[in-house]
Amino acid sequence: MVSIMNKNELITEILKNEVVKALGCTEVGLIGYTVAKAKPEDLYSIKEIKLILDKGTFKNAFSVGVPNTNKFGILPAVVGGLLGREENKLEVFKDIKYDEKLEEFIENKLKIEVIDSDVYCKVIIKANKVYEAETKGSHSGKSLSDDLKNAYKSLTLKDFIDYIEDIPEEVIKIIKETIETNKNLSTPEVPEDFISLDLKDEILNHMLKKTVSAVYNRMIGINKPAMAIAGSGNMGLTATLPIIAYDEIKGHDEEKLTKSITLSALTTIYSAYHSSYISAMCGCVNRGGIGAVSGLSYYIFGFDRIEESIKSFTANLPGIVCDGGKIGCALKIASGVFAIYLSLFSKVPYTNGIVGKDFKECIENIGKIGKAMKPVDDEIIEILKNKK
């Protein structure tokens, strides 16, 4: 077991690495960043660009908006990477001015290979010579060791609860940045030509509008960053904005909000580590939802109902599939917010389906289902490849 001091140091290190800023969908950011690392000085000397992508990166970049391009998908992500700066990493599209001529020049030179791997992007550019770059293990290429991740997986809900009672100042700064950054992606309303939301329940209505609008804005490629959690911006939005919305309705309590968001981030990461970063199971709803349920339950009831709320959530939405990053993700997140809200006020016994006897077993069971869905993921990839 990790000692008390080491537990807190471990948790802090995990949070510092897994709660990071990203502009646009993290998968197009990954592609753009890797292209920026590989690009030649003379872009018009390029003869071929080959991308080797893991299935999840291909899937999530396929239909999603790319910031500062007014376009969707992998091609503009590549062009954006050619125009962007490597030092901006996952914010590689920041300040770019899109070039339609460059897109026309590149379009027929782009080849894509999809492989079965964890997070992976390799770029091979043939120009006056061959330029190569790869990013693997995480979207920024900065990957935590398996030992650290396994140590984190051995922690308990009580460890997380103990941690949020005395959060280090460096983590408080990250959490405050997360709150402000993710709030900034929300708009008062969601476009009516996409979805009409006007519920009588004031709390649920505000939670839905705040969360769904932010995810929608991110998926169309709005030029504003999100704080990603465990490699996903949408997961970060789902894990934080329902709690922020509740806090706004009930009257702002900064200390309680900071603790709740921290707990949400901790349980979201914990859930991600018990599954795989990208799979056929929608991580935004399942992992981000677990986080939001944990944080909201703490905010409303204290520590007493967290485990029961997670059991109720486990009985509801796990299994919802991920068919890539796109504006439709906002609809799945809407379903997730409903499930999060229901979980706070319901109780489901351990005898029901995949519901675990405690926090840890619930998350382990959800992770097992996600890992077993590989054939589903393969079929989704084939459907996308065959789209014209």
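Cβ atoms here come from the backbone N, Cα and C positions, even for glycine.
As annotated by Swiss-Prot, active site, proton acceptor applies to C25, with the evidence given as a curator's inference. The Cβ of C25 (active site, proton acceptor) lies under 8 Å from the Cβ of N60, A61, V64, G65, V66, R218, M219, G221, G233, N234, G325, each of these being in the same chain and 6 or more residues away along the sequence.
The [4Fe-4S] cluster binding site annotation in Swiss-Prot covers C282, C322, C329, and the record cites experimental evidence as its basis. Reduced to three states, the DSSP call for C329 ([4Fe-4S] cluster binding site) is helix. Listed in sequence order, V215, M219, N234, C284 are the same-chain residues six or more apart from C329 ([4Fe-4S] cluster binding site) with CB atoms under 8 A from its CB.
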Please list, in sequence order, every residue of the chain apart from C282, C322, C329 whose Cβ lies within 8 Å of the Cβ centroid of the [4Fe-4S] cluster site. N234, G283, C284, V285, I320, V321, D323, G324, G325, K332
Should C282 ([4Fe-4S] cluster binding site) be counted as helix, strand, or coil on the basis of DSSP? coil
Cβ neighbour count within 10 Å of C322 ([4Fe-4S] cluster binding site): 25
When you measure from the Cβ of C282 ([4Fe-4S] cluster binding site), which residues in the chain that are at least 6 apart have a Cβ under 8 Å away? I320, V321, C322, K332
